[in-house]
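Annotated heme c 1 binding site per Swiss-Prot: Cys121, Cys124, His125, Met270, in sequence order, evidence recorded as similarity to another entry. Residues or ranges marked as heme c 2 binding site by Swiss-Prot: Met175, Cys220, Cys223, His224. Swiss-Prot lists 108-200 with the feature domain 'Cytochrome c 1', giving sequence analysis as the kind of evidence. Annotated domain 'Cytochrome c 2' per Swiss-Prot: 207-293, in sequence order, evidence recorded as sequence analysis. Look at Swiss-Prot and you will find 1-31 tagged as topological domain 'Cytoplasmic'. Under the heading topological domain 'Periplasmic', Swiss-Prot lists 53-296. Annotation source Swiss-Prot lists transmembrane segment at 32-52, citing sequence analysis.
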Amino acid sequence: MAQNYKDELSGVETTGHEWDGLRELNNPLPKWWLYLFYVCIAWAMVYYVFYPAWPLGKTYTKGILGYSQREELDSKLAEAKAGQAKYLTAIAAKSVDEIQKDKDLLGFAMAGGRSYFNENCAACHGAGGQGAKGFPTLADDVWLWGGTSADIYKTIQHGIRSDDGDTRGTPGTGMTAFGKDGILTRDQIDQVTDYVLSLNGKAADAGKVAKGKTVYDENCAACHGDTAQGALAAGVDGVGAPPLKQANWLYGGDKATLVETVTNGRAGVMPAWSKRLDDATIKSLAVYVHNLGGGK
């Protein structure tokens, strides 16, 4: 058993333990610390009486006040929903164009649309609608299926080549794999991709460009338009073929990527959000996307 020892310099007893010749003084706690400790104990006892504290199986002590953070949260959520109800009802009853003409509804729809976009759309289209490889930019004026409020609303609602009965485009279809399916030879693909490069002011072989135009007219113009203006501008419905004279490419506008695209084809799909989101939410999204900067 350790033996207490009184320190000669301070006159204070030690704890009786020694480590490498070092002894710990057995000083009492400061009075202020001790009193504060007692106050904390007293406060804890008062808290136990007034507030929820002890778990009891599947329940718990409720306290005299019967306070519940969960009930407070539910109350505040219900209050918030009640405040939003009139706006959501109005949005559900109006068209997207009508919503944009109503200053109050527009502000509410933009705020909600931003939140819905970040939660449901940003993973593919980017937080600011800047797009990514294979996912269209929503902040420019190049639209594959139309950039009006009504067009955007319909696209979000029914999707692109989705399993929705009113989807835009035909499910299971897309751009033909001209090389993989044996429709064009490697030389023809080389020529037509040089032709597309020339349309964008990029270096291309003049001899290939002339032959590539013929290949384009015979195989590509039906969807992309006679002047590569895209299906929308060419009035070709239900295709969604992009313009081929632009700066923002869906998959890339360099030679290698163009060859890959023509050889293997492309087939983008977007889900029909009407199966996951209510109509007011979809309209708010349409308003938000339309106002990202490229809406028609």
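Backbone N, Cα and C atoms are what each Cβ position is placed from, and that goes for glycine too.
Remember, predicted model here, so these are calculated numbers, not experimental data.
According to its DSSP assignment, Cys220 (heme c 2 binding site) is coil. Spanning the listed heme c 1 site, residues Cys121, Cys124, His125, Met270 have a farthest Cα to Cα distance of 11 Å. A simple Cβ count within 10 Å picks out one of the binding-site residues Cys124, Met175, Cys220, Cys223 as the most packed, and that one is Cys220. Highlighted in sequence order, Thr176, Asn219, Ala221, Ala222, Ala231, Val239, Ala241, Leu244 have their Cβ within 8 Å of the centre of the Cβ atoms of Met175, Cys220, Cys223, His224, the residues recorded for heme c 2, and are not part of that set. The binding-site residues shown are Met175, Cys220, Cys223, His224; of these, the one with its CA atom nearest the CA of Cys124 (heme c 1 binding site) is Met175. The binding-site residues shown are Cys121, His125, Met270; of these, the one with its CA atom nearest the CA of His224 (heme c 2 binding site) is Met270. Under DSSP, the residues of the domain 'Cytochrome c 1' (108-200) split into helix, strand and coil as follows: 41 helix, 4 strand, 48 coil.
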